[in-house]
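This report refers to the structure that appears directly beneath it.
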Amino acid sequence: MDNKKIRNFAIIAHIDHGKSTLADRILEFTNTVSKRDLKEQHLDSMDLEKERGITIKLNAVQIRYNSYIFHLIDTPGHVDFTYEVSRSLAATEGALLLVDASQGIQAQTLANVYLALENNLEIIPIINKIDLPSANVDKVKAEIENTIGISAENAILISAKNGIGIEKVLEAIVNLIPPPQASDEKDPLKALVFDSYFDIYRGVIIFIRVVTGKISVGDTFKFMANNLKFSVIELGISSPNQVKKEALFAGEVGWVAASIRNAKDVEVGDTITLVENPAKSPLPGYKKLVPVMYTGFYPVDSQQYNLLKDSLEKISLSDSSIIYEPESSKALGFGFRIGFLGLLHMEILQERLEREFNLSIIATAPSVEFQITRTNGQVQIISNPSLFPEPNFISEIREPFILAKIFLPEEFLGQIMGLCQDKRGIYVDLEYIDDFRRRLIYKLPLVEVIFDFFDRLKSLSKGYASFEYEVIDYQVSKLQKLDILLNGQKIDALSMIVHKDFAYPKARDLTQKLKEIIPRHSFEVPVQAVIGSKVIARETIKAYRKDVTAKLYGGDVTRRKKLLEKQKAGKKRMKSFGVVDVPQEAFLAILKTNVNEK
């Protein structure tokens, strides 16, 4: 195949800027999918993606346009799924920068554009939704030039919803995006593994971008990270349904089935090469992202532990950022500690486990990795608050800090700065983008951001603010472990790490919430928040009382007293042996303790 006729590209856009709609129009205009078969958000295969109106998993599809072959790699736009974007950009030569004509550049768009610029991709600016009454094309063009530093003079104006300007986009892909680098078929194979998923019949299917050489059915290849060898049984392209081929050549994007049965054998971002004619070094520039938060997942039914284990293994195949290890809790039994890229990432996984594998999950409150220096000089990295040493054994605690870049209209500046101060933020800079928009830069503790920062940011700015962040370093902080006792017993899964200055209001807020959420029992349940051995907040869940005197009528009052005394003794006995039922909402209550006020 002539390399000069191939174009590989991705679409960069913020949530709701019309990326999946543009992908639909391209599929429709090129007759890749007939109008009859085309569904909205055609490349978003998960029900969750369609319901939430977001792209979670990337998708790769081959499109024929005149004599050219395009490989469109559809990418997510949410901050939690940056790792998906980095994968797709590593497999392309160009990117369509899609910006909403009424909303302009958003923080996550900018983060992804910088990723594209780092990969030396050709960027084509496209302004979408030009048919909206609130569209301001000139303002958006100026924003693109001032913020990103690329010319927007020839930006393509489109309405993806109404199909306006789609042909201009296709012509720009042909004329502006460079073809893949030429390579001889005899060159050693180098192919980037940019995605994978588990097929119950064929094992792990890997998606690759061939950079040099070629790969054919029957070839034996190896992963360069772990040297494991497999033979190609089937390979082909997605158009968007899978189409089998005999070989994939340099510049092509396709899938490979090789009877890979073990999920852990595939590492997304790895390079594959042929055993007979191996490449000397893997492809450069791929970054493996590290989880930023950790959560405990426990099956409600302890019999489902093995099902949860198998389900996580299958899902982790198509989501390489998930890291998990077994853990146990006195309150919840056996489960897993799972690393995520953010709260949305965690919610998506929990929903997938419940929908696709019929699991009922209890998720504990998220935490981050803390660096703890013990009094004997030993340094530990701990992500589970219940594993923290006692306070008298801790010399210092360091927590991860992020550099947050927040884009917002000028009118919301005061409220957003107040939010950052509430979250223990350290002011860094304020940049003026234009007459109306500002970029606010703060250093913030990561543990404060993973809870509700994104929701509160959107709420305070009426949805107009957006932000991106990167973890920069660890800093010493005055942190303490807050434990919760129910009926005198420590519930390890409810432990949390709080800043010393906010411990009392947080403890008070949490005990009040738990009092409302935990159902009443037939015995009184004290809810206590403790630091070390000191109780700093307490609430009591009153017992419900069965009317043991209902059967009495008339008669002696001593009979009534006797029954009530018997009930009282029974409750006392039940209190000492009783088990308190803790619903899922109790763990979620920790997420909603926003009290960062002294």
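In case you wondered, yes, glycine gets a Cβ from its N, Cα and C as well.
Copied over from Swiss-Prot:
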type    : residues                                                                 : note
DOMAIN  : 4-181                                                                    : domain 'tr-type G'
BINDING : ASP16, HIS17, GLY18, LYS19, SER20, THR21, ASN128, LYS129, ILE130, ASP131 : GTP binding site
Given the binding-site residues SER20, ASN128, which one is most crowded in terms of C-beta atoms within 10 angstroms? ASN128
Protein Cβ atoms within 10 Å of ASP16 (GTP binding site), excluding its own: 16
Just going by other Cβ atoms within 10 Å, which of the binding-site residues GLY18, ILE130 has the emptiest spot? ILE130
